[in-house]
Amino acid sequence: MRLAAESVSLGYGGDAVVVDEVSLEIPDGLTTVIVGANGCGKSTLLRGMARLLRPMSGQVVLDGKAVHKQPTRAVAKTLGLMPQSPIAPEGITVVDLVGRGRQPHRGALQRWSPDDDAAVAEALELTNTLDLADRVVDELSGGQRQRVWVAMALAQKTDLLLLDEPTTFLDVAHQIDLLDLLHGLRSSRGTTVVMVLHDLNLAARYADHLIAMSGGKVAATGKPSEVVTVDRVEEVFGLEAQVIPDPVSGTPLVVPIGRHHRPVVHPHAQGA
Amino acid sequence: MTVQSIDPAAVVRSARRAPRRRLIAVAGGLGAILFGLFALRVLVGDYIITLPDFFRILGGEEIPGATFILMESKLPRAVLAVLAGVAFGTAGAIFQSTLRNPLASPDMLGISLGASAAAVFSIVVLSLNGSALPVAGVVGAVLTALAIRVVAGSDGGYRLVLVGVTAAAGLIAVIQYLFTRANEYDAQLALRWITGSLNSAAWPTIRMLLAGLVVLLPLVAWTVKSQRVLELGPDVASALGVTHRYADMLLLLAVLLCALAVAATGPVAFVAFVAGPIARVLNGGRTTLLGAALVGAVVMVGADYVAAYGFSGTNLPVGVVTGAFGAPFLLWLLASGRAGRKS
């Protein structure tokens, strides 16, 4: 395990604790997805692991050392982050934005090198954005823009990639597109992917390892089939639902019941 | 798409070239305009100096009348305009891009006025003069910046602008109060710190500002790479290994640039504020500190020419012209919705 949290508590100043003594390990080379209701602390936990927040107590460990005691630059070579809905500077071109992902690999006086060109080209190819290379980021569609930000994080060439709700504001086709892209990365590059997702069904489909959070604590971890059950969905999301096998992937599929439908027993319903 | 047949690295190289060519063209064009305006300011006007005379005077020859006007008025004014323009333009663009808000320039936030207030205080209350005043100005600007930062937090949005504008209003009140207590001689001295003007341009002032630029601009050039990353917002910058400390260092350099320029010319209205956005429009919407520095210099030299010769009979302070030019610009910025774009 290269990345782990050891009884980490996180907050935004003051006494309020958003993440409460969480301990967990991120399996290497797999996709880990963190899910939970609004305000459960999932994005805060991700920010803590990306060292954007200093823990109030406990520590985040990267390669055996506390992440906050390592030099920022060294961490930036190992751990990449795509924050929630980042905003590109006005007028910036795709290659320029993606090229800024090379920052941790360049010395203070080092000039742009062919290695940097190659890394940017590879990131653009992986995200299928090479044909957008000379376009201005402001003028792209939401889906293209999101892929370009992923490309920037890929140009950073880190073994671990953290993403905070990368599918927000994307329509469903682009959500699948982006998640397929991330899944491809972990298969082809062996990148460890950790992301926060809102959509429980997409989380169950794309995660190798699922972390369900509730009230600042970890409610359950494990394979999606172990974590996504009728009782857990009720407990973690406060949602009455049925859980059936996804007809395409076989992963758990959550079907909310809502107030206006009388609960009927579905023939394939799984027990808790 | 037929990109498969092309070398991807070559695609990246060629896509990187276009913005760089644009920047070179922008810098070259601005350089040429600046050169032209500089020549106009030095040679033409109420007293015309021919090119051969210009070089003869620079070579040390005494030409009655012409030597005095060139060496004591025209040339120092033009040189000081260029240096102060570079300092104001660079400082403004650093503030606007690092804080990601086009309203957040050091003149809008009251940092220039912080330098003025500290200098006026030193003149009137502490009875200081000479080289102590620029030092007081720098201290005042840094203290004002720190105070604004403490009250507004590290956020670069409207809160910062509101705190800055409030600070500016408060500092004006302080300056006006100090004025009521000044004797005639001190008031004359203090006036130089509150009107942006090149009328008292002198070689010692130019040497002071030039020395400051020689120290500060290489430091800016050295940290400019981190500025490009800071533009992406604090989260992305931190993930790329560029912490808050770089942002603070860049802002400090900008505060020093601005304070030194104020020490040399007084707070020339709006130059720091307009230089960055104008350079950006020229550069295809992309931030460029080099472009902003050149625009700052062009605005200063051009405005000084208008101030000196545009209105017959009066020799206006340059700040009056930049103010008249900057106010509609601010309205345009607000109306076009470019202002206040937050991270």
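Here the Cβ of each residue, glycine as well, is placed from N, Cα and C on the backbone.
Whatever TrEMBL says is automated annotation, not expert-curated.
Since the structure is predicted, the reported quantities are computational estimates derived from the model, not experimental observations.
Annotation comment: TrEMBL describes B:23-42 (among others) as transmembrane segment.
Counting only same-chain residues 6+ beyond the ends of the transmembrane segment (B:78-96), those with a CB under 8 A from a CB of the stretch are 34, 38, 41-42, 102, 104-107, 109, 198, 201, 205-206, 209-210, 212-213, 217, 220, 227, 250-251, 253-255, 257-258, 260-261, 264-265, 268, 271-277, 279, 287-289, 291-301, 304, 318. If you look up TrEMBL, you'll see B:78-96 (among others) marked as transmembrane segment.
Under the heading transmembrane segment, TrEMBL lists B:108-126 (among others). Sequence-distant contacts of the transmembrane segment (B:108-126), counting only residues of its own chain at least 6 positions beyond either end whose CB sits under 8 Å from a CB of the stretch, comprise 95, 132-134, 136-141, 143-145, 148, 160-161, 163-172, 174-175, 178-179, 181-182, 186, 189-190, 193-194, 255, 258-259, 262-263, 266-267, 272-273.
According to TrEMBL, the feature transmembrane segment maps to B:133-152 (among others).
The transmembrane segment annotation in TrEMBL covers B:158-180 (among others). Outside the transmembrane segment (B:158-180), and at least 6 residues removed from its termini, the chain residues within Cβ reach (under 8 Å) are 99, 101, 103-104, 108-111, 113-114, 116-117, 120-121, 124-125, 144, 147-148, 151-152, 187, 190, 194, 340, 342.
With a cut-off of 8 Å between Cβ atoms, the residues of this chain six or more beyond the transmembrane segment (B:201-224) that come close are 73, 76-77, 79-81, 83-84, 86-87, 90, 94, 131, 134, 246, 249-250, 253-254, 256-257, 260-261, 263-265, 289. Annotation comment: TrEMBL describes B:201-224 (among others) as transmembrane segment.
Per TrEMBL, transmembrane segment is recorded for B:250-275 (among others).
Taken from TrEMBL, the feature transmembrane segment applies to B:287-310 (among others).
If you look up TrEMBL, you'll see B:316-335 (among others) marked as transmembrane segment.
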Stretch in B:23-42, B:133-152, B:250-275, B:287-310 most in contact with the transmembrane segment (B:316-335), if contact is a CB pair under 8 A: B:250-275
Winner by Cβ pairs under 8 Å against the transmembrane segment (B:133-152), considering only B:23-42, B:250-275, B:287-310: B:250-275
